[in-house]
Amino acid sequence: MFLDSLPFVTVLRNSVVDTGLRRSFSSSYPKKTKQKHEATLSFPRSGTVRKSLCVCLSPSAIPPVMTGGKKQPFDANEAPLLVKELKESFRTGRTRSYEWRVSQLKGIEKMVEEREKDISEALYKDLSKPEFEAFVSEIAAVKSSCEEALKELKQWMKPEKAKTSMTAYPSSAEIVSEPLGAVLVISTWNYPFLLSIDPVIGAIAAGNAVVLKPSEIAPATSSLLSELFEEYLDSSAVRVVEGAVPETAALLEQKWEKIFYTGSPRVGRIVMTAAAKHLTPVVLELGGKCPVVVDSDVDLQVTVRRIIAGKWQLNNGQACISVDYIITTKDFAPKLIDALRNGIEEFFGADPMESKYISRIVSSNHFSRLERLLDEYKVFNKIVVGGQRNQKKLTIAPTIFLDVPEDSQLMQEEIFGPLLPIITVENVKDSIDLINSKPEPLVAYLFTNNQKLRNDFVQNVSCGGMVINDTVLHVTVSSLPFGGVGESGMGSYHGKFSFDAFSHKKAVLYRSFSGDSPVRYPPYTPENKKLMRAVMNGGILDIILALMGWSRD
C-alpha cells in the first residue's frame with residue numbers, strides 16, 4: 001500500500017538503516033508541502049546504525065488541543081502509562097475468558113448496527129465514499145467478520161490435538177492458542193473503518209488487550225472510532241489513540257506483544273525497526289503493484305466490468321488490492337481499451353468528474369502526487385482515456401495509458417489512485433516473466449479461459465494472493481488468508497487467520513508417571529544404545545528385536 005497511516009511523512013532526514021529510505025520518503029510527496037513542524041522517532045543507537053528519523057508535517061496533520069469540556073488529545077508522554085494499564089488489565093485474566101471475548105465482539109456488532117449512519121457519514125466526510133460502497137466494502141465486511149468470530153470462537157479456542165512420537169510413548173499432546181498480551185494495531189486511511197476494526201476483531205477474539213491507532217488522514221472516522229470504542233467496548237482493555245507522528249512514535253517506542261500495521265513498505269520498515277528493539281513480532285499488510293493479465297479469449301464485457309470494479313469502483317483506485325496495471329497483447333489492447341472506455345461511461349456517466357458513484361482523492365498531498373505521475377514527460381502523451389482533473393474538488397477522472405515506459409514513475413511505484421497503465425506484450429505468456437521481474441505484489445489477477453496459462457500463472461507467479469477471472473473478491477472469502485509476501489508484507493489475517501495472527505500456539509505434551517524406561521538414562525550400555533536407536537528409528541520390529549537382544553544388522 002503506497003499510502004499509509006503515517007501519510008504526512010515527507011522527508012526522512014536521518015535514515016533508520018541504510019536502505020534508501022531517505023530517498024524514498026523525500027520522493028513520495030511534493031516539496032512545496034513541507035513545513036517546519038517536526039517530530040522525531042527515536043531509537044537507541046547500535047553500532048554505526050543511525051536510529052533517529054525526522055519527519056515534516058503539514059499543519060493540518062497536527063491534532064488540535066481540545067478544551068471546553070471536550071475530550072483532550074492523547075499526550076504522547078502518557079504512552080508508557082497506557083501500555084502499563086493495559087498489561088495490568090490483561091494480567092488479571094479477564095480478557096482470556098470466553099465470556100469477555102464474546103461480550104466485546106457483541107459490543108462491536110451492536111456498535112455497527114446502531115451507528116451505521118454515523119459511520120457512513122464519516123466515510124463520506126473523509127473520502128466522499130458513496131453510501132453503497134461504504135456499506136458493502138466497510139460496514140457489511142465488519143459485520144461479517146464479527147458474526148463469524150462469534151459463531152466460531154468456541155471452536156477456535158479449543159486446543160488442537162497433535163500426534164506424538166514413539167520417543168514420548170505413552171503420551172498425548174495438543175496445541176493451545178493463548179493470547180499474546182497487549183497488542184498495537186496501526187491502521188490506514190483508505191478503508192479507515194474496515195481496516196481499523198477487522199484486525200481488532202481478531203485481537204479481541206484471541207483474548208488480547210488492544211490499542212488502535214487510526215489514521216489522522218481520515219479524521220472524521222478516527223474521531224468516530226474513538227467515541228464508539230469508549231461507548232461500546234471495555235476501555236480497561238480496548239483503547240483508541242488518535243494523533244499523528246508524536247503519538248505514533250510514542251506508541252512504537254513501547255514494548256508490545258505484537259504490532260499489526262497496514263500501510264506502505266517504506267513505513268513498514270520503520271515499524272519493523274521499532275519492533276526489533278523489543279523483539280516484537282509484526283504483521284505487515286503492505287501493498288505493491290497489483291497486475292491484471294488479460295488474455296484474448298475472455299468474455300470481454302464481464303472482464304471489463306470486473307476490472308472497473310477492482311479499480312475505480314474500489315475507492316477510486318485508493319486500495320492496496322486495486323488493479324495497478326494491465327498486461328495484454330499488442331493485438332488485443334485496442335479492443336480492451338474501447339471496452340474499458342465504454343464501461344467507464346456506463347458506470348460513471350459521460351463526465352465521470354461529476355459522478356456521485358466514485359470517491360475523491362483523499363487529500364491535496366495525494367492529489368499532487370498523482371498529478372506528478374500524470375504529468376511526467378515520459379507518460380503524459382500516452383493517455384488514451386481520461387486525464388481530466390480538478391484540484392479544488394480533489395477529483396481525477398479514470399485515466400488509462402497505453403505502453404508507458406517501464407522506467408516511468410507510473411510503473412516504478414504503487415499508483416494508489418485512478419490512473420491505469422496498460423503494458424503490451426507479444427505473447428500473453430510473457431506476462432509471467434514481466435510480473436516476476438518486479439517485487440511480489442499483494443495480489444495478481446488473470447483473465448483467461450486457457451487452462452494451461454491458468455496453471456502456469458498459479459504455479460509461477462509469486463504474490464500474496466491470486467484471483468482468476470475476477471478482482472478483489474478473494475478478500476470476502478474468510479477461509480482464505482489475506483496477506484503479502486516479500487515487499488507486499490508478512491503475516492496474514494481474516495477469519496480464523498485473524499485469531500491465529502494474535503495468538504501464540506503453545507505446544508503441550510502430557511505424560512503420566514508410568515512407562516518410565518531406564519533406556520534414556522545413564523549408564524549408556526550397548527543394550528540401551530541399541531534399544532534407543534530402535535526407538536528413535538520408530539520401527540516396531542526393531543524395538544521388539546532390541547528388547548530381545550537382537551537386531552537386523
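For all residues, glycine too, the Cβ spot is worked out from N, Cα and C.
In TrEMBL, annotation is done automatically, which means it is predicted and not curated.
Source: prediction; values computed, not measured.
Annotated features, as they stand in TrEMBL:
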type	residues	note
DOMAIN	75-508	domain 'Aldehyde dehydrogenase'
ACT_SITE	E285	active site
ACT_SITE	C320	active site
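For the pair formed by C320 (active site) and E285 (active site), distance between Cα atoms is given as 9 Å, rounded to the nearest Å.
Considering only the active-site residues E285, C320, the Cβ with the fewest other Cβ atoms within 10 Å is that of E285. Mean pLDDT across the domain 'Aldehyde dehydrogenase' (75-508) comes to 96 in this model.
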